[in-house]
Structures are given as structure tokens and as C-alpha cells.
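To start, the structure under review is shown below, and the notes come after it.
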Amino acid sequence: MTLIPIVVEQTSRGERAYDIYSRLVKERIIFVTGPIEDNMASVIVAQLLFLESENPNKDICMYINSPGGVVTAGLSIYDTMQYINPDVSTLCIGQAASMGSLLLAAGTKGKRYSLPHSRIMIHQPSGGYHGQATDIEIHANEILRVKKKLNQIYEKHTGNSLKKIEGMMERDKFMDPEEARKIGLIDRVIAERTDIEIENIKVKQKVG
């Protein structure tokens, strides 16, 4: 059983307790951690929509540490990221594999980051089906359609040609952050919070 820390705040009405993730949502920080499945995706989508309703012009930061998961669940998060008005900054902590890497690349251009020791992996979708030959053919055609769609999404967000994307996606392709930056999955590798330019404003402090 995972223990989730509780944060207690003093308010004008007394003490108020939040789980740590809910408290971070107040700061417009969302976590995509663990396998991507329907229940988790529903929570992430709800958080994105809530934060847009709170302030449609302020950035949302999405921290990603995921091995991937269900394609349709991941695409529901992806579509919502593209649908809402606020910029969504993405940051890989730990790993962003499979659908996790797609969500990482889907952040707002110029605001996609990775910590230096993270791991990023892309590959084509996989699946299996048992049944009648006709049904197997139907499911095979569907997974090929999904593969094409995912390749087109990577093409859009990385700037690579579809042919290059298809070549990279043929097998599991593991990358360190710098390799991911070179192929356009992220924009920058960061080691400290001060490396990130918040809301594209450069703040320089000068002494003396």
C-alpha cells in the first residue's frame, strides 16, 4: 500500500489538510506517474480541465514518470492537452516510455524538459488477440491504424519526417535526455529549477 503524505495548512478558518498531490494541483502541477490506464487518465483529464477553468492563461506543469500503458487512455490525455487553452509544460522525471514519451513530446513547444538522468523510450504499439481468423484480421488492421496515428503525432511534435519516425519506432528505442533532445522529443535538459524560464520571462538578478 502506497502512503501518500498529507500537508496541513493554516487558513483563516483553521487547519486544512491536503494529500500532497492535491496540494501541488493548487500550484498547477500535475503528476503522470505509473502505468497509464483509464482511471488514471480520467483523473489527469479532470485536473487539466479544472486548472483551465481556474485560469485559462496560466501554464500547467506536467511531471511524467511512466512506463506507458493503454493507448486510448494516453490519447485521452494527449487530446485534452491540445484542447485546453493553457500551455502545458512537460518534465520527465525517472522515465517516459511508450505513451509516456508521447505525452512528454506533446507539451508546448519550447517547454518540454527532462532531468539529466531520466530515460526515454519510443516504440510501436503492441497487442494480441485470439479468436476467429476474421476477427484477428480486424484487430490487426486496427493496431496498424493506431500505429500510423501515433507516428503522425510524433511527426507533428518532433519535426522529423514520417519515414524517420517509422524507422525509429520499429523496435524499442531507449534514449538518454540529450539523445531525446536531438530528435525533438524534448527542448532542453535541465539540472536545476533555475534552468527553466517560467512563462518565457527571463529574470536576471544582478548584484551591485
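Cβ atoms are placed via backbone N, Cα and C, with glycine included.
Listed in Swiss-Prot:
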type: ACT_SITE; residues: SER98; note: active site, nucleophile
type: ACT_SITE; residues: HIS123; note: active site
Neighbourhood of HIS123 (active site) by C-beta distance under 8 A, where only residues 6 or more apart in the same chain count: SER98, MET169, ARG171, ASP172, LYS173
Cβ packing number for SER98 (active site, nucleophile), 10 Å threshold: 24
